[in-house]
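This is the structure I want to talk about, given as structure tokens.
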Amino acid sequence: MQSRQQREAEKALHDQTDLLPRGKLLTVLAAISLTLLVTFIDQNGIGVTLPTIAADLEAHDTISWAGTSSLIANTVFQMLYGRLSDIFGRRIVFLTAVALLSLAALLCGLSRGPATFYVFRGLAGIGGGGISNLAMIIVSDIVTLEQRGQYQGVIGAMVGLGNVAGPFLAAAFIANTGSWRGFFYMVSPLAALIGAVAFAMLPSKPPSVGVRESLKKIDFAGVLLSSTAVIFLLIPISGGGAYFPWDSPMVISMLVIGVVALGAFVLVEWRVAKLPMMPGYTCVVGLLTLCCTPVRVRRAVQIFHNRCVTTLLIQSFLFGSVYQSYLYYLPMYLQNARGFSVLESAGFTAITVAIQAVASVCSDQYMSWTQRYGEVIWSGFGLWTLGCGLTLLYTRSSSRGIIALPLVLNGLGVGCIFQPTLVALQCHVPRGRRAVIISNRNFFRCAGGAVGLAVSASVLQAGLRASLPRGFASLAGSTYAVPSREALLELAGGDAGAVEQVLDAYMAASRWVFILQVPLMGLCLLGCFLVRDRGMGPHEGEPVERVTGEQLPPTGDGGGGETGKLGVGAVARRDSERTQDGAEGGHTELELVEAGHGSVAVRNSAKAEQVETKSEEGKTQMASVQ
């Protein structure tokens with residue numbers, strides 16, 4: 001159970017909820033969307049450039065670290081972003097992440113060796129991950145959960161545009177200039193420009209205490225232990241078996257240190273930290289809650305106290321693993337095994353992300369209309385699982401239609417999963433902990449991506465070693481680029497049959513990666529049986545409290561007006577000690593309804609309550625509402 005010290009520390013945090021008038025809301029969403037556009041151009045453009053970068057930096061054997069380093073750095077900072085934004089304010093943390101992305105892109109373009117490039121991709125991962133994380137948190141501050149679907153479509157469309165534009169822009173730079181550096185030189189000033197726009201547009205609610213008092217709230221022990229655990233676990237997982245033996249002293253020692261740090265992190269977050277980054281046990285205990293664990297264990301868990309939250313976080317880890325592997329290794333199949341050009345490969349990748357953007361907008365609107373998310377999540381995982389299964393049909397001679405069909409299904413599935421699962425998580429936690437649950441969800445998704453990318457690289461290399469003909473075994477060290485056909489012919493002494501065997505080996509290795517994705521998505525689909533749709537509105541069992549004019553939002557349908565004047569359809573908040581699921585602390589949204597004579601009242605659940613209201617003339621009265 002959460003300690004009294006932790007409850008008091010959370011209540012002491014300044015509330016950053018800011019339900020904005022429609023005009024201001026749209027400008028803020030536009031600024032966030034443009035920043036996400038640049039972020040996803042950077043994240044998705046890198047995939048098609050890796051073969052070219054590997055050749056230019058002579059890094060065929062290690063180029064997979066370009067993705068792994070970014071994901072590891074992203075994962076390390078995910079949980080920290082939520083609490084830092086709680087302590088210092090959303091705006092300053094968001095702008096810091098934008099500055100990091102701009103700097104990292106410039107340094108990537110200037111890199112002259114693989115080691116420095118991987119370090120700067122890690123820095124880009126820190127910045128890009130912070131932007132994605134804080135964007136979700138800011139949206140949860142300025143839009144009610146019920147109305148979120150109406151506005152998330154704007155953000156989803158911009159994310160989709162970034163996903164589509166990134167591969168094409170990167171491919172265009174390579175095709176027209178023969179160099180990959182121009183892509184990063186474009187991203188850097190673009191991120192800086194959008195950061196200036198965000199600085200002018202984003203609302204700011206800085207903490208009332210000074211910097212010194214804010215620094216005291218940071219969970220430094222948790223930061224150190226979580227960073228140590230993630231780094232010391234993911235590095236050997238990423239390189240074990242590929243770059244160094246699993247039984248090497250370095251791998252064993254790093255894994256031991258990582259496990260010890262993870263255990264210490266659990267204890268610190270559970271018993272020591274005043275403002276824990278991950279309240280309660282970690283995912284290890286979360287897994288136990290899926291079973292019939294003792295009541296004491298269940299009560300000890302904060303975020304992971306119910307099966308729905310635990311299942312959604314585990315699903316985030318699994319689909320994060322599949323998604324990142326898919327983004328990095330689909331272009332490899334298309335370019336190496338199928339023989340497509342960089343631009344053709346980008347075109348096929350764009351199919352998935354374009355469909356994903358459309359599906360994201362439609363699913364968000366559906367949830368806003370029905371106030372439900374269960375059927376959307378079921379449909380998403382079903383389509384994604386089917387799409388992963390159909391990728392097993394790929395061959396070296398597959399027609400473009402056969403290649404495109406799984407991409408369409410995967411895009412539909414991804415679009416119905418990313419935002420709806422996040423909304424589902426927020427519906428199962430108190431409002432005061434939504435920033436934390438968003439950060440933790442992104443942590444699990446990024447951790448899954450890092451692990452999935454590393455495991456996929458190991459599977460691909462193992463497949464190449466098993467399939468490559470004699471004399472070509474050295475090619476197994478490169479997971480992203482195959483030499484040109486002319487170079488292969490020279491290496492084979494003019495034997496065209498040997499060249500075909502090499503390309504067949506790349507096809508077989510790619511299929512093993514696709515096979516790995518199918519059971520992971522199948523587990524996500526089965527997990528839907530454990531996710532209960534609570535709806536997106538207030539829930540029964542939550543008490544109604546007296547609400548004063550100072551606590552209520554402006555007049556209109558969540559729109560603008562003077563504070564203290566109530567509008568039908570607006571949403572008020574109240575602090576609660578316990579929600580239906582048993583989580584302590586946080587806030588609950590209450591809908592304002594007509595109470596007669598031009599006044600409004602608060603409705604929560606289906607219970608009739610006597611609620612203190614204010615009429616538009618400012619007179620306080622009591623009204624009974626249903």
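Residue positions begin at 1 at the first shown residue.
Every residue, even glycine, has its Cβ placed from backbone N, Cα and C.
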Which of these ranges is annotated transmembrane segment in TrEMBL: 69-90, 223-244?
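The listed stretch tagged transmembrane segment in TrEMBL is 223-244.
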Counting only residues 6+ away from its ends, which parts of the chain sit with a Cβ under 8 Å from the transmembrane segment (151-176)?
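Sequence-remote neighbours of the transmembrane segment (151-176) are 25-26, 29-30, 32-34, 36-49, 52, 135, 139, 143, 182-183, 186, 331, 341-343, 345-347, 349-350, 353-354, 356-358, 360-361, 364-365, 415, 419.
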In the predicted model, what is the mean pLDDT computed over the domain 'Major facilitator superfamily (MFS) profile' (28-536)?
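It averages 83.
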Tell me if the transmembrane segment (376-395) touches the transmembrane segment (182-202). I count contact as 3 or more CB pairs below 8 A, with pairs 6 or more residues apart.
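Contact between the transmembrane segment (376-395) and the transmembrane segment (182-202): absent, because fewer than 3 Cβ pairs are under 8 Å.
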Using a Cβ cut-off of under 8 Å, list the residues of the same chain at least 6 residues beyond the transmembrane segment (92-112) that approach it.
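For the transmembrane segment (92-112), the nonlocal Cβ contacts are 35, 38-39, 42, 57, 81, 84-85, 120-121, 123-124, 126-131, 134-135, 138, 181-185, 187-189, 191-192, 194-195, 198-199, 202, 204, 206.
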Does the transmembrane segment (308-326) reach the transmembrane segment (25-42), going by 3 or more CB pairs under 8 Å (6 or more apart in sequence)?
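Taking Cβ pairs at least 6 residues apart, the transmembrane segment (25-42) and the transmembrane segment (308-326) are not in contact, as fewer than 3 fall under 8 Å.
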Near the transmembrane segment (346-364), which residues from the same chain, at least 6 beyond its ends, have a CB less than 8 A from one of its CBs?
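Sequence-remote neighbours of the transmembrane segment (346-364) are 44, 47-48, 148-150, 152-153, 156-157, 159-161, 163-164, 167-168, 170-171, 326-327, 330-331, 334, 340, 376, 380, 403-404, 407-408, 410-416, 418-420.
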Report the listed stretch (25-42, 118-139, 376-395, 512-531) having the maximum count of Cβ pairs within less than 8 Å of the transmembrane segment (446-464).
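Answer is 512-531, with the largest number of Cβ pairs below 8 Å.
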Apart from its near flanks, which chain residues at least 6 from the ends of the transmembrane segment (376-395) lie with a Cβ under 8 angstroms of it?
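For the transmembrane segment (376-395), the far contacts come to 315, 319, 322, 333, 338, 359, 363, 366-367, 402-403, 405-410, 412-417, 420-421, 424, 507, 510-511, 514-515, 517-518, 521-522, 524-525, 527-528, 531.
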